[in-house]
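Have a look at the structure below, then the notes.
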Amino acid sequence: MAHPTQLGFQDAASPVMEELLHFHDHALMIVFLISTLVLYIIVAMVSTKLTNKYILDSQEIEIVWTVLPAVILVLIALPSLRILYLMDEINDPHLTIKAMGHQWYWSYEYTDYEDLGFDSYMVPTQDLTPGMFRLLETDHRMVVPMESPVRVLVSAEDVLHSWAVPSLGVKMDAVPGRLNQTAFIASRPGVFYGQCSEICGANHSFMPIVVEAVPLKHFESWSSLMLEDA
């Protein structure tokens, strides 16, 4: 998760998020190069009184500064489109979970099981124990098996919400009357935190999301225990 004074993204916990981080670095390097070139040109124009009559009207330079930006845009657009299609691709998910947004909590339903579902509320500050994060911890975590494709169906019951977990590279709007879907693969075990990313009301910032990725055998034990309690 994020920590104080952090300037970059959170550590990637899914293949898609790793691709997003690589694309971010790729685009940022292009921005740095362009900024350096523009700054050099500005400094050169301000600091010298010399002029060149061949530069005042040059077809070659006009061709370069027309073609070069087009090439740069293509270098940015191609990997961007590739990641966009990867994020929309959902093939044979091993598990499907329905996340329903309410004011102001999330409810989860494991649709592959008959009676496996629960509400997930934020843990109040006075009930926090050592090791818990304020405004981010929930009383019930969404447990998923690691290294397995998980599909999340996202909707809302009252107003607009948004189900977002930055470490997994997931952000999907929850719209009342509409069922959106997204998918992720947790590439390592861990606990990943997120929040509602939509201004959905007075307590919209207090709708934390906690996804816990565990090995498959641990997930099976957890699901069996939850079904027995139900």
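Any Cβ shown, glycine's included, is placed from N, Cα and C.
TrEMBL does not curate its annotations; it predicts them automatically.
Since this is a predicted model, take the numbers as computed values, not measurements.
Feature annotation from TrEMBL assigns domain 'Cytochrome oxidase subunit II transmembrane region profile' to 1-91. Sequence annotations record features per position, and here TrEMBL assigns transmembrane segment to 27-51, 63-85. Taken from TrEMBL, the feature domain 'Cytochrome oxidase subunit II copper A binding' covers 92-225.
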Review point. What counts of helix, strand and coil residues does DSSP assign across the domain 'Cytochrome oxidase subunit II copper A binding' (92-225)?
Key: 19 helix, 63 strand, 52 coil
**Study point:** DSSP residue counts for the domain 'Cytochrome oxidase subunit II transmembrane region profile' (1-91), split into helix, strand and coil
**Key:** 67 helix, 0 strand, 24 coil
